[in-house]
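Structure first, commentary second.
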Amino acid sequence: MLFILPRLCRQHLRSYVQSHIRQLTTGQPNVCIVGAGPAGFYTAQQILKGNPNAVVDIYEKLPVPFGLVRYGVAPDHPEVKNVINTFTQTASKDRCTFIGNVTIGKDISIADLQKAYSAVVLSYGADNDRLLGVPGENLKNVISARSFVGWYNGLPQDIDLQVNLDVEKAVIIGHGNVALDVARILLMPIDLLKKTDISQHSLDALSKSRIKEVIVIGRRGPLQVAFTIKELREMIRLPDCKPVLSQADFIGVDKLIQDLPRPRRRLTELMYKTCMEPTDKDVKLWKTAQKSWSLSFCMSPLEIFGDKDVTGLKLGINKLQGEDLVKQSAILTDQTVDMSCGLVLRSIGYKSIVIDPDIPFDTKSGTIPNKDSRVEGKPGMYCTGWVSTGPVGVILTTMNQAFETGKTVVKDINDGILDLTKPGKSDIFNILNSKGVQTVSFKDWENIDQFEVKQGEDVGKPREKMVDISQMVSVAKKS
Ligand SMILES: Cc1cc2nc3c(=O)[nH]c(=O)nc-3n(C[C@H](O)[C@H](O)[C@H](O)COP(=O)(O)OP(=O)(O)OC[C@H]3O[C@@H](n4cnc5c(N)ncnc54)[C@H](O)[C@@H]3O)c2cc1C
């Protein structure tokens, strides 16, 4: 029968059968994943699908899963969080175990994981942020957008962030989607925010906010912004809020639009029309607006002023250089401008950290050096998601990359490259028990989930997130 199959199919079938015989005789592929964000869950999904014998354990430092889907994605973007349903399906599979409240690099070392598992996949994201490196950066009310996002999303480490909203003008440095998320949250009518899963402590603070003006500053021009059209449109449509774009920034841009690649063309068109050709309806709407936001281009912060609290910035004016319009780079000129403000939010990118000295790390790029997800010089170690690429792209980008990582791990299992005699989680649980670490299972997380949804129902929100880790663990353990 086999001979009537095409040659390629026969080869595939043979290697599939061989790999299964090998796994039956040598043992089971035990794979662990470090970090339960999108990269971790999508990699797990692919490995479970690609190898019917593989067992996947996902370690997460928090008692709750989903990474930036829970703690990054803006509270007014609930539709983005629907990916949680797919992650829940993965976690509910017999061969998948979520092990929360375990910090790899502290409770368990990478060496421990390597001893216990055939493959170790690192998907622990980017938990730090880039600094501007200018004088005055540590003044009060100069805050990283990452911490501000964590604060409004209830990330336990950020709930005590000292942010003073009793000021009128905020400056956000950076022209990415996170910058626009932060601007939107600062300017959004409180009645709209109240219906989201924004954390109560930040809702209380935002309801007393005096911020009326938000300036979003980027070092390059309108053709190089990193935010996307959805986020820009939401800013333009913000109730009671007027966009202020300078016509000088858009002179001649209309002539360039048609040559731009499609997503960039639509984005630039929207900025251009908002600035140069707003509709009568828009103009009427913006006339009565109490608040405003603006985009400032070709500026780099040189210094942040203030005594204890920030009072303003010195910005250097840049000129653009380079043939390719979209990729032009900013060159600092000797011109400067001073700008007053009472709050500065730095939104120039997230950055990964070294969680264990046994992980190779490129401190310059803030990523783990790898070739097709295989960590350089470390057989059996893989990386994926933001820790491997840097903080770029959206969940879809992370998903595509994680699927490739999953396929690579499956290929290495099938090719007999990995040691399939490793014992898996039993050894790790022995260590965790000896250290008294209380782990949180996916079932436990579902207790937290139900509790939060119930707390939210009582105040008309989709959920009220718990912000205290010990409270999370205690609710998790109540069956
Ligand atoms: C503010 C913000 C808003 C965003 N909004 C959107 C959006 O609207 N739409 C969209 O498509 N994309 C959005 N993104 C992008 C999206 O969140 C990322 O593409 C995606 O989360 C990256 O996935 P990841 O798994 O690599 O990292 P993460 O989501 O950060 O997951 C990493 C996980 O590892 C855990 N971890 C860290 N250290 C350890 C350790 N030592 N031990 C164990 N676990 C550890 C972390 O707790 C976390 O759960 C947004 C990103 C940000 C920052």
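A Cβ is built for glycine as well, from the same backbone N, Cα and C atoms used for every other residue.
As written in TrEMBL, here are the features:
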type: BINDING; residues: Ala39, Glu60, Leu68, Ile104, Trp386, Gly393, Val394, Ile395; note: FAD binding site
type: BINDING; residues: His175, Gly176, Asn177, Val178, Arg219, Arg220, Glu231, Gly393; note: NADP(+) binding site
type: DOMAIN; residues: 30-186; note: domain 'FAD/NAD(P)-binding'
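Cβ-based crowding with a 10 Å cutoff singles out Glu60 as the top-ranked of the binding-site residues Glu60, Glu231. Cβ packing within 10 Å was compared across the binding-site residues Ala39, Ile104, Val178, Val394, and the lowest neighbour count falls to Val394.
In the three-state DSSP scheme, Glu60 (FAD binding site) falls into the strand class.
For ligand 1, the binding-site residues lying close by, meaning a CB under 6 A from one of its atoms, are Ala39, Glu60, Val178, Ile395; the full candidate list was Ala39, Glu60, His175, Val178, Ile395. In the three-state DSSP scheme, Glu231 (NADP(+) binding site) is classed as helix. In this structure, the C-alpha atom of Gly393 (FAD binding site) lies 11 angstrom from that of Gly176 (NADP(+) binding site).
Taking Ala39, Glu60, Leu68, Ile104, Val394 as the binding-site residues under consideration, the smallest Cα distance to His175 (NADP(+) binding site) is found for Val394. The NADP(+)-binding residues named in the record, His175, Gly176, Asn177, Val178, Arg219, Arg220, Glu231, Gly393, extend over a maximum Cα to Cα distance of 20 Å. A distance of 19 Å separates the Cα atom of Ala39 (FAD binding site) from that of Val178 (NADP(+) binding site).
For Arg219 (NADP(+) binding site), the same-chain residues 6+ apart in sequence whose C-beta sits under 8 angstroms from its C-beta are Cys298, Met299, Ser300, Asn318, Ala330. Counted within 10 Å of its Cβ, the other Cβ atoms near Ile395 (FAD binding site) come to 20, all protein chains included. Note on the binding-site residues Gly176, Gly393: the fewest other CB atoms within 10 A surround the CB of Gly393.
Non-local contacts of Leu68 (FAD binding site) by the CB criterion (under 8 A, 6+ apart in sequence, same chain) comprise Gly37, Pro38, Gly125.
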